[in-house]
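Report on one structure; see the data block that follows.
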Amino acid sequence: MAALLGRSCRKLSFPSLSHGARRVSTETGKPLNLYSAINQALHIALDTDPRSYVFGEDVGFGGVFRCTTGLAERFGKNRVFNTPLCEQGIVGFGIGLAAMGNRAIVEIQFADYIYPAFDQIVNEAAKFRYRSGNQFNCGGLTIRAPYGAVGHGGHYHSQSPEAFFCHVPGIKVVIPRSPREAKGLLLSCIRDPNPVVFFEPKWLYRQAVEEVPEHDYMIPLSEAEVIREGNDITLVGWGAQLTVMEQACLDAEKEGISCELIDLKTLLPWDKETVEASVKKTGRLLISHEAPVTGGFGAEISATILERCFLKLEAPVSRVCGLDTPFPLVFEPFYMPTKNKILDAIKSTVNY
């Protein structure tokens, strides 16, 4: 199944390829997969700030993906605890806890079930500071949500709902691509003075493995990273899709096409300047994400780059995304934006 999705079943590694990008020392690191890196970040967050709390469905038992393993045993059930299956209640409680000056780290078991909490996130968390004239805020709220395809999840356990929240001023939306990024970005989200939705690519929980520093570190939000330099076309993505795009870049290189690959990391607010500079250099842009193409965040990136780089473009902006259908089960390989689809789009854009 993974091969059909254009993804390798082998353990993935994520070398730092960018020139001049912010690097995190791995001198004291050890190999971790993505869920272990997140678990380490949560241990650090609870250990360094006694006002921090972790809660959600089954988190006291370690969570369905084991991201909260050992937290309740170490920090006690007053700071790490289970909740009923009520997403709007979970987020609502987190908002109240954060409004009292605490760090509320909320887990939504699957991003597909975040929709019952939509009103709490959009009309309460995102507007808390604005509607009080900055007298009150719930900036200590971080919402963790596993998202995206996993090969067998179907339409209730595979969705990518990030675009819904990118239309909401007052919150931040962050998605990591690797274990090292996940730890540093999650700690930044927890300590950021604004509410954050942190989507975790669940396909990478066990597949992605790399050296992760054991110490406390943060990676800046709203700073994209050029993880592969090139001259012919710019590719922009986030999360697990970057591994697929990297494979397409390698195949394109064999055909003489030089691809520049950018990890957006933060979707709201996103780093327009890094993408703009790259597109002005290459003259071409391809965006890829798992979410359906219509109304996906790729459309926002496309519109912005057209406004900023119109006279520099050598070809129309290309989008390789999920199909405009409910997420299928047996037809998932046809729904997904695979390596071959991306490679075809790269070639057609470069040869436009």
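The backbone N, Cα and C atoms fix where each Cβ goes, glycine too.
For TYR113, the entry in Swiss-Prot reads thiamine diphosphate binding site, with the evidence type similarity to another entry. Feature annotation from Swiss-Prot assigns K(+) binding site to GLY139, LEU141, THR142, CYS189, ASP192, ASN194. Swiss-Prot lists 1-23 with the feature transit peptide.
Location within the structure of each feature annotated in Swiss-Prot.
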{"residue": "TYR113", "record": "thiamine diphosphate binding site", "Cβ within 10 Å": "16"}
{"residue": "GLY139", "record": "K(+) binding site", "Cβ within 10 Å": "22"}
{"residue": "LEU141", "record": "K(+) binding site", "Cβ within 10 Å": "31"}
{"residue": "THR142", "record": "K(+) binding site", "Cβ within 10 Å": "29"}
{"residue": "CYS189", "record": "K(+) binding site", "Cβ within 10 Å": "28"}
{"residue": "ASP192", "record": "K(+) binding site", "Cβ within 10 Å": "17"}
{"residue": "ASN194", "record": "K(+) binding site", "Cβ within 10 Å": "19"}
Handout entry: CB-centroid shell, 8 A cutoff, K(+) site GLY139, LEU141, THR142, CYS189, ASP192, ASN194, site residues removed
Key = ALA98, GLY140, LYS172, ILE190, ARG191, PRO193, PRO195, VAL196
Completion exercise
Smallest Cα-Cα separation from the residue listed as 'thiamine diphosphate binding site' among the binding-site residues GLY139, THR142, CYS189 is shown by THR142
Exercise for the section: With H, G and I counted as helix, E and B as strand and the rest as coil, say where DSSP puts CYS189 (K(+) binding site). Expected result: helix
